[in-house]
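Per TrEMBL, the features are as follows:
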- Arg228: active site (ACT_SITE)
- His276: active site, proton donor (ACT_SITE)
- 105-278: domain 'D-isomer specific 2-hydroxyacid dehydrogenase NAD-binding' (DOMAIN)
Amino acid sequence: MNILFYHPTFNPESWVNGLAQRLPQAQVRVWQPGDDAPADYALVWQPPREMLANRSGLKGIFALGAGVDAILAQERQAPGTLPAGVPLLRLEDTGMAQQMREYVLAYVLRFFRRMDEYQLQQQQKQWQPLKPHRQERFTIGIMGAGVLGQQVAQALVALGFTVRCWSRSPKQIAGVESFHGRENLPAFLHETRLLVNLLPNTPETVGILDLALMKQLASQAYLINAARGAHLKEGDLLTALEQGQVAAAALDVFADEPLARMHPFWSHPRVTVTPHIAAVTLPSQAMDQIAANIRAIEQGGTPSGQVDRERGY
Ligand SMILES: NC(=O)C1=CN([C@@H]2O[C@H](COP(=O)(O)OP(=O)(O)OC[C@H]3O[C@@H](n4cnc5c(N)ncnc54)[C@H](O)[C@@H]3O)[C@@H](O)[C@H]2O)C=CC1
Ligand SMILES: O=C(O)C(=O)CO
């Protein structure tokens, strides 16, 4: 069995060695331009078109992340990047849910305990206790109740928050009110005080975080966007902040990354910027999952994490 690896920034040696340890029967190699020797599987992030274009015989392409929007966009722009008919698989959790829980909880508590405002007050040397937010008036809405959203929801319930989620189909998550479908989006947004976005970026969800949506939230709402920058209309967030509709936002992802030096978010007193670090790929856990999926395919079983290319996630 031959496995190709390509990632623009990961250390390829540790992946080649790690995969070889997990799949002793496999020959693992780092793809180099011009390599058109046979392969059964490919592990990729931002693959050049020429890497996979003529490889319709692959048994699986493994995306080295949870979100596959970038690779599907590559395919739209340069057809052939993902040969037709080859299953595309993504990472499911592999340690990202724990990181995402930490990220979201950190900002939920920061906003709930008004730490963002105390930080601004400290800069003014201002000693001014603020009226605490009350949990019963601090409903948290999670858009996207998948692998990551469900675990974040459970962690927030355990902290005593009222939590609701919105997804494509109804979800059963203990202690969480489930809303689904576009028709129920207004009901989900109504009275949501803190909105967490964990949707995949698809043709249906791109630009979903716009001013019209923000106006449906409770006033002085908070936003945590840890999914994709393409979900957020950045100018609309600036307007919502100016109008007081949104009190503050924590943003991990941006329309253009890295965020341009002149971007207003950098210096906005009500915006926190992190450089797309909410949940990163953990090589060891990712390789365990990919190796298990390859074994499943080799034994005629069904691997997990297969992407529906039409749906976009
Ligand atoms: N900032 C970061 O570091 C990271 C960001 N991410 C982002 O998080 C996203 C979510 O990851 P997972 O939870 O693993 O995905 P998932 O596929 O398990 O969950 C997606 C959820 O979104 C819902 N959804 C999809 N389309 C919808 C629509 N049109 N209307 C309503 N609900 C819809 C689904 O029903 C599902 O509940 C990824 O696609 C990625 O973009 C993932 C990892 C790290
Ligand atoms: O896995 C993903 O989709 C990520 O965004 C990782 O940073």
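Cβ atoms are placed via backbone N, Cα and C, with glycine included.
Shown in sequence order, Gly67, Asp69, Leu199, Pro200, Asn201, Val253 are the residues of the chain, 6+ apart in sequence, with a C-beta less than 8 angstroms from the C-beta of Arg228 (active site). The local packing around His276 (active site, proton donor), expressed as other Cβ atoms within 10 Å of its Cβ over all shown chains, amounts to 16. Along the domain 'D-isomer specific 2-hydroxyacid dehydrogenase NAD-binding' (105-278), the predicted structure has mean pLDDT 98. In this structure, Arg228 (active site) belongs to neither helix nor strand by DSSP; it is coil.
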